[in-house]
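Chemist: As listed in Swiss-Prot for this protein:
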{"type": "BINDING", "residues": "Tyr35, Tyr168, Gln172", "note": "L-tyrosine binding site"}
{"type": "BINDING", "residues": "Lys231", "note": "ATP binding site"}
{"type": "DOMAIN", "residues": "339-404", "note": "domain 'S4 RNA-binding'"}
{"type": "MOTIF", "residues": "40-49", "note": "motif ''HIGH' region'"}
{"type": "MOTIF", "residues": "228-232", "note": "motif ''KMSKS' region'"}
Amino acid sequence: MNPALARLQARGFIRQCTDLSALSARMDAGPLTFYVGVDPTGSSLHVGHMLPMFALKHLCDAGHRGCVLIGGGTARIGDPSGKTSMRKMLDYATLDAYAGAIVAQLDHFLSFDHRHVFYVNNRDWLAHLNYIDFLREVGAHFSVNKMLTYEAYKKRLETGLSFLEFNYQLLQSYDFLTLSDRYAVELQIGGDDQWGNIVAGADLVRRVRGKTVHGLTFPLITRADGQKMGKTEQGALFLDPALVSPYDFFQYWRNTPDEDVRRFLLLFTFLSVRDVEAILTQGINCAKELLAYEVTRLMHGTAVAQVALQGARAAFGGCGDKCALPTFELTQCTLQVGIKVTDLFVQVGLCTTKSDARRLIAQGGAFVGLQRVADIGAVIDQSALDLDGTVIVRAGKKRVVRIVTDVLE
C-alpha cells in the first residue's frame, strides 16, 4: 500500500474507499491533488469538522496537494446528510462572514505553505449556473431511484425532504467535476456521512469526462460512552475561544474515556505511533493530559495550551497556576456577609438552579477549596479564602471556577 495511505490506515482514518488498490497505485505514481469540502453554515468550526483536516495534513506532509473547498454556494441549500430537518437558509453576507472566520481557523491549524494547500469557494461557479443547462448536462446522469437508496435521503424521507435539499448531491458532484477540470483534482476526502455524495461525484466525472477519480471517507467518531464526538452538555465543541474557552476545550479532551485515549491520540494528534504507544505505558492519566495538551496546542496555540494545562493542574492536582482557571469575581462585601453555598454555585455558573446545587451537594459532588460540602445550608465567607485571597469551587470532576474578590482586581 502507498505509504501515505498506510499511515492513514495505521492511525484509524480509513473507513471506505472507491477502490483502495487503484488509489494506492495512483499515489505511488506521484503526487496528486485532492479536496475536502466544508460548508460555512456557522461562524466557527467544531471538533466534528476536524478529522478530515488532520487527514489533509497527513496527505500534504506526504507531498500531495490539498484543496479546501469552502461551500459558499452549497451552503445556501444545506447538506441533508445527518440532519433531521432543513437547515436555516443563509444570505451571502452571512456566508461570507462565516467563510472568513473558518478560513482563519484553518490557516491557524494547518500552518501551511500555500504550495501544498489552497482554498476555493464553490460560489464562484455555482452562483451563476443556468438551471436548464445544469439539468441537461448534470441531472441527466443521476438516477432518482439510486439517490433514494443513500442513507441521507432515506432517513429524511420519513421526516420530510425538500426539493432544494434533494439537489445538494448534484451540486456537490458538480464541484468534483469542476475541480477535476480546473485543478486536476483526483480525490475527494470526507466524513463517512459524505460517502453517497462522494461516490456520485466520482461517477459523474467518469461519465462526463471519462476519467477515473477516487473517494475516501473517514469514520464518524463516537466516544466509548456513546456520546457523539465533539458534543457536550452545552452543545458543540467549537474552536472559537469566544464560544468554548480553551480551558473547557482542554478539559473535554482530558476527560476522554479510557478506552478512547489511544484512538484519539492517533486521530487527533501528529504524534508518531511509536510515541503514542510509549506514552500509554506511563499511565492513562499521563496519556490523557498529553492528548488534551496536544489538541489544544494544535487548535489554539502553544501559549494557550500551556495556560490551560497549568489551570487544570491547579484545579485537580494541587499544583500549576490557578490564574489559568475560569475566574469569577465576588465583591468583598458579599464574602463579609457570607453567601449560601447553593447561591454561590448558581452565581458562578456551576449549577443552573438552587435545586441542582442541592442535588449536587447531596450526591457529594460540591467542593469549596479542598473540602467537600456536606451541608446544604452552609454559608461561604472570607474564612474559605486561601492565603492568596482566592478559592477554587468545583462541581464533580470536570467543572471548576476560581473565585476572586474585587479587592484583588
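Using N, Cα and C of the backbone, Cβ positions are placed for all residues, glycine too.
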Chemist: What is the number of other Cβ atoms found within 10 Å of the Cβ of Gln172 (L-tyrosine binding site)?
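Modeler: Total other Cβ atoms inside 10 Å, all chains included: 27.
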Chemist: Quick one: average pLDDT across the motif ''KMSKS' region' (228-232), no decimals.
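Modeler: Residues in the motif ''KMSKS' region' (228-232) carry a mean pLDDT of 69 in this prediction.
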Chemist: May I have the DSSP-based helix, strand and coil counts for the residues of the domain 'S4 RNA-binding' (339-404)?
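Modeler: In the domain 'S4 RNA-binding' (339-404), the DSSP-based counts are 19 helix, 21 strand, 26 coil.
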Chemist: Let me check the 10 A CB neighbour count of Tyr168 (L-tyrosine binding site). How many other CB atoms are there?
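Modeler: For Tyr168 (L-tyrosine binding site), the count of other Cβ atoms within 10 Å is 21.
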Chemist: Residues with Cβ closer than 8 Å to the Cβ of Tyr35 (L-tyrosine binding site), same chain and 6+ apart in sequence?
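Modeler: Residues satisfying the criterion: Gly66, Cys67, Val68, Leu69, Phe176, Leu179, Val185, Leu187, Gln188, Ile189.
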